[in-house]
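**Student:** Pasting a structure below so you can have a look.
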Amino acid sequence: MTSTGIRLHAPAPGWAIAADVVVVGSGVAGLTAALRCESAGLRTVVVTKARLDDGSTRWAQGGVAAALGEGDTPEQHLDDTLVAGAGLCDQDAVRILVTEGPDAVRRLIATGAHFDESTEGGLALTREGGHHRRRIAHAGGDATGAEISRALVEAVRARGLRTVENALVLDLLTDAEGRTAGVTLHVMGEGQHDGVGAVHAPAVVLATGGMGQVFSATTNPSVSTGDGVALALRAGAEVSDLEFVQFHPTVLFLGSDAEGQQPLVSEAVRGEGAHLVDADGVRFMQGRHELAELAPRDIVAKAITRRMQEHGADHMYLDARHFGRTMWEHRFPTILAACRAHGIDPVTEPVPVAPAAHYASGGVRTDAHGRTTVPGLYACGEVACTGVHGANRLASNSLLEGLVYAERIAADIAAAHTAGTLHARVPAPLPHPDHSQHPRHPLLPPEARLTIQRIMTEGAGVLRSADSLARAADRLHGLHAEAREALHEHGKTSEPGVDTWEATNLLCVARVLVAAAARREETRGCHWREDHADRDDTTWRRHVVVRLNPDRTLAVHTTDTPEFPPTVHGAQPTHRPQEQ
């Protein structure tokens, strides 16, 4: 693949670091990859957008799923994952996940993560939506992500890995042959490095997390603006399955006008026996699915949305009053505190909940070793699309995917280094085409962020149709056209900065999401088309893949099968440009 030539308008790098590998992101995927690369003797640099312990991992409540319990097997975990994925999982990718997962969790424990234990002394395992067995290991009751983050951050600091915090990655650097040569980044604030710089490395691992901030209401932190997906698109990489955005069924409802990050009410609350009820106290999941409240997330989110439509309501309720105070305080202290902070006491009253954007099942298309279609560029965690999640991620498979595929990436880079194919001398990067005072590509103003979020929530949220998606595409195109006209006709664009770079990245990923959702004319997993209400395996048991063209149009195509072929050296299909 060749780069699009599109870059974020930014000053020229004023400093540079050399490394063997640069890992972008400090969640479970990024720090696991970094620790394994460092252990293999690779000079490793970690770049992260905020502090090392920020990002989505620390917000994960439920836990990490793996076949660790008595009587459970990887095959059973595989079956549950395939069912949740609604016919679009790559079975080989899932088999890797479930067979390598248990040992990956054990290595995480050896790194220093402390999981809750049962009274018998083994791991305390709970059950969540879509799982037929108790196989979710958790920590601190409902603070699993925070504990995993703590353990990994401590390990990174103990080993003295070089880290660059408060740094927004801008673009991929490549050499004349199109090989990865590092990244450009902007460090916020003053420190050892500040302003725009570069990390030169022959291998780049994207572990930048999700893009939930493309919607008005999300469980994702404010830093989740799709930076990794946007960078990969500009670098010429393929993105797959971006239409499959998982809306978590039970997010604390803070009012119809609430925007930004909102508190998650973990699946594990339902796993322990909480009931979904309407305003009349009627349970509405019984009879809709054999697992009732523990059905896969897409089914529960749709059921809540339908009930809201039927009742003209903007939320439903999660009733766990029967847990009692002691269970709430010991098993779900984080959720209890979040509810009480907003004036709700789940011990004595039902909790108002509604679906909100939670997880991108799609992302940068990779093979089984995390390799993208750009040589030397890897991706893992939520930013990646490995084929594991299909059309809908199974609860608590995300942390496991981050662990397993990060280790596979590190092994692949280490093997290339040992074989001498990871070129020892960092190639000289090509001159950045957008460093001049006269940028070629516009930046959106900061206020465009809210506009994009509202466009996406209205047109590409839980419920979608050809009309809603067409309106969203037109409005997104209008934002870009307005910025492009201001630049080309008047020589004006927004000043380079974190707010304008984030808004521009959000527009990039929003356009791709809408294009993919419009192309998939069926309902499957967490993609719900009102105008195509049925699942169509004959036509649509395949992936929607998108590339960014140099003229900023989108090349959209579908694969022939649900399986993921090798990404780096495969034959390229013919693409049909599509202006969005």
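Start at 1 and count along the chain as shown; that gives each residue its number.
Cβ coordinates are placed from backbone N, Cα and C, and glycine is handled just like the others.
Copied straight from Swiss-Prot:
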BINDING   26-29, K49, 56-63, D227, E382, 398-399  FAD binding site
SITE      E128  site 'Important in orienting the L-aspartate substrate'
ACT_SITE  R297  active site, proton donor/acceptor
REGION    556-580  region 'Disordered'
**Student:** Any idea what the Cα distance is from S26 (FAD binding site) over to E128 (site 'Important in orienting the L-aspartate substrate'), rounded to a whole Å?
**Tutor:** 26
**Student:** Quick one: pull the CA-CA distance for E128 (site 'Important in orienting the L-aspartate substrate') versus A60 (FAD binding site), whole Å only.
**Tutor:** 14
**Student:** If I take the alpha carbons of T57 (FAD binding site) and R297 (active site, proton donor/acceptor), what is the distance between them in whole Å?
**Tutor:** 19
**Student:** If you draw a 10 Å sphere on the Cβ of G63 (FAD binding site), how many other Cβ atoms land inside?
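**Tutor:** Neighbour count, Cβ to Cβ under the 10 Å cut-off: 32.
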**Student:** Within 10 Å of each Cβ, count the other Cβ atoms and name the one among the binding-site residues A29, A60 with the highest count.
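**Tutor:** The residue with the most neighbouring Cβ atoms within 10 Å is A29.
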**Student:** Report the same-chain neighbours of S398 (FAD binding site): residues 6+ apart in sequence with Cβ closer than 8 Å to its Cβ, ordered by sequence.
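**Tutor:** Non-local contacts for S398 (FAD binding site): A60, Y359, G381, E382.
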**Student:** Round to the nearest Å and give the CA-to-CA distance linking G63 (FAD binding site) with the residue listed as 'active site, proton donor/acceptor'.
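**Tutor:** Between the alpha carbons of G63 (FAD binding site) and the residue listed as 'active site, proton donor/acceptor' there are 15 Å.
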**Student:** Roughly how many Å lie between the Cα atoms of A29 (FAD binding site) and the residue listed as 'active site, proton donor/acceptor', rounded to a whole value?
**Tutor:** 23
**Student:** Including all protein chains shown, what's the count of other C-beta atoms within 10 A of the C-beta of R297 (active site, proton donor/acceptor)?
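**Tutor:** R297 (active site, proton donor/acceptor): 26 neighbouring Cβ atoms within 10 Å.
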